[in-house]
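Copied over from TrEMBL, here are the features:
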- 1-175: domain 'CP-type G' (DOMAIN)
- Asn49, Lys50, Lys51, Asp52, Asn114, Val115, Gly116, Lys117, Ser118, Ser119, Gly171: GTP binding site (BINDING)
Amino acid sequence: MASATRAIRDRLKLADFVIEVRDARIPASSVHGDLQPVLSSKRRLIALNKKDLANPNIMNKWIQHFDSRSEDCLLINAHNRNSVKKLLDLAELKLKEVISREPTLLIMVVGVPNVGKSSLINSIHQIAASRFPAQGKLKRATVGPLPGVTQDIAGFKIAHQPSIYVLDTPGVLVPSIPDIETGLKLALTGLTLLQGSVKDSVVGEERIAQYLLAVLNTRNTPLHWKYMNNRRMEGVHYETKEKESALQNLLPKKRKPANESDMLYIQDLVLEVQRALYVTLSEFDGNLEDENDLECLIEKQFMALQKAFKIPSHRDCNEARTIISKKFLTLFRTGKLGPFTLDDVPEAS
């Protein structure tokens, strides 16, 4: 990974423009700190991906924050053609002054693992193929459900006259996690890589789920769900196989692949989970700022979630808590619990 970072630095020297992909749920925590000094000196566009999973009200404040720093920023969904087209149009606009004097331009896409960098490049390829069919079949970037799948740096031609190439890069590990909370945010959104490993089990599914409950409780989110529980929540359409696969884990094992009735089942499950957390928080008479009180509340919520997920009480305790955690994290990561932005917008200096 250190070698990959060095290679990216070398390529950055050649790049005319950089698209830095971040996770819209954690615009600050999903940066690659070591590359920021280099990136800030380049023509750059910050692409906040997975906008459908982020809180739109908070994201508006993040956009204002980047504007105040004179940093170009755009909310995107890497799987949405129109969204990616807007990104390309903005990149081309920013490159106008260079296009007039350079026959070949290089756009580099960078980002920490699993922010959707390879998915974005694949979408760019699809648009490029429709714009420039003479190129023939375009090579696609390798995409996987876990971080770090793209193994080497490769350049892809996306346009003629002038020739524009998109440079793909390997997944770049966060070289250091400044504090525990940043590490937990990365783990919660599925971006964490600790000591070269990518699995939730390294951090601990239960620990990640406990952190999520702590965030929800301290923000009083379950209390806001009260007004949503008297109607069935509208389904969310997922455009990636990873999300569809994850949702299968919430379905009864004997069911066939997800269909409309399965989606209704999941919606009912979401409502049960929301009710469980609302009731436990509304009955809580402790202090959320007291660590011991918060731990007691979370413990009660684990028991409530066990009932909501219909996990038998006679099941082994550790096994049950792992299942609860996995199902709960799946609901969060697929957006079923609603859009969230975990990073707070920095105060204006």
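For all residues, glycine too, the Cβ spot is worked out from N, Cα and C.
Counting Cβ atoms from all protein chains shown, Asn49 (GTP binding site) has 27 others lying within 10 Å of its own Cβ. Per-residue pLDDT, averaged along the domain 'CP-type G' (1-175), amounts to 81 for this model.
In sequence order, Ala24, Met59, Leu75, Ile76, Asn77, Ser83 are the residues of the chain that are 6 or more apart from Lys51 (GTP binding site) and have a CB within less than 8 Å of its CB.
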